[in-house]
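**Q** Next up is a structure, given as structure tokens.
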Amino acid sequence: MAAVLELVAGSYEQITFGYQVKTDEKEWTAKAEFTHHAHTASVSAVAASERFVVTGSKDETIQVYDMKKRIEHGALLHHDGTITCLEFYGTSHLLSGGEDGLLCVWSTKKWECLKSIKAHKGHVTSLSVHPSGKLVLSVGTDKTLRTWNLINGRSAFIKNIKQNAHIVRWSPDGDRYVVVMNDKVNIYELETATVTGTVANPKRIASVKFLNNSILAVAGDDETVRLCDVEKAKWVCEFKAHETRVKTVDSVNVDDYSVVVTASNDGFIKMWKIHLKEELESPTLLGEVNTSARLTCLAVRRTSPMQQQIAEEEAPQATTSEDLLPELLRTKRVRIATEEVVLEEESKPKKKKKKNSGK
């Protein structure tokens, strides 16, 4: 049976786009499934689980969508600052990081904040959950790499690094992890917690994704995606993915190959087929879709054919990005205006609270 994929992308224009991918033909096509304007600032992070999709924004909120019921579930309002990273652990928990330095653990059952950890003195720039669910790595603007014990919510290890890292990722088997600083990828082994190799990208790195335990896809501030063998710490393949810089990369394994999905500032989302053999060949383009928006983040969901059938029966007709764009530009001005009003209203009670606490 053909794989059922959904693409979810966030944009500078505050819109979240959802596409359903038809994979049973030679050229894959992405059909607009939903467009949602729940945020009042640009979308900065997105994550997807089997049931839920979550988006984080510069408006300090996390929006939750129930993809099973096809409804907006509500907003999570714990962070004070831009949401910088979101990651699901299985179907049970969501982890979020923000410019407030907090690392939060949420239960997806009742959407309660189970733990709120002051993880970094500056911003949390990235986080990654170990496949066991017991550890999480985080990096921030305080030039530290921190390991957290999720069982007790305490710091297990702090490593001072020379620069601010902006990406950290575990390998699928959890035996190694990578830390990205500007244009460099440092490869660590879990056993020794030391750097076993480093690769340098020609441009600043925007996004990375493990395709398997040894191959890492790296997207930088140019149109090229490069594949790195982390065991040998060397580049093994590269391909031109877009006409302008690649903002984000994600992947999902289908049958005997990997589907790498890239999104760019040019508004295009592209799907690439890569056979993960010993000798890597350049990928083939499976399909693409033009969102007509400046994309910021991306997530790929794999769903069951039954879920897709239910979604097709229940989901309202999505607006195409071309239809939405003129309306988007009008709505954007209104949204910004209301955001300013809300901030003014919220600042008054905050001042009162300070007065009361000082008495």
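For all residues, glycine too, the Cβ spot is worked out from N, Cα and C.
TrEMBL does not curate its annotations; it predicts them automatically.
Annotation comment: TrEMBL describes 36-68, 76-116, 117-158, 239-282 as repeat 'WD'. If you look up TrEMBL, you'll see 169-249 marked as domain 'Anaphase-promoting complex subunit 4-like WD40'.
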**Q** Short question: which residues 6 or more past the ends of the repeat 'WD' (76-116) have a Cβ under 8 Å from it?
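**A** Result: 44-52, 54-58, 60-62, 64, 122-129, 133, 136, 138, 140, 148, 150, 153.
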**Q** Average the per-residue pLDDT over the repeat 'WD' (117-158) and send me the rounded value.
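**A** 94, rounded to a whole number.
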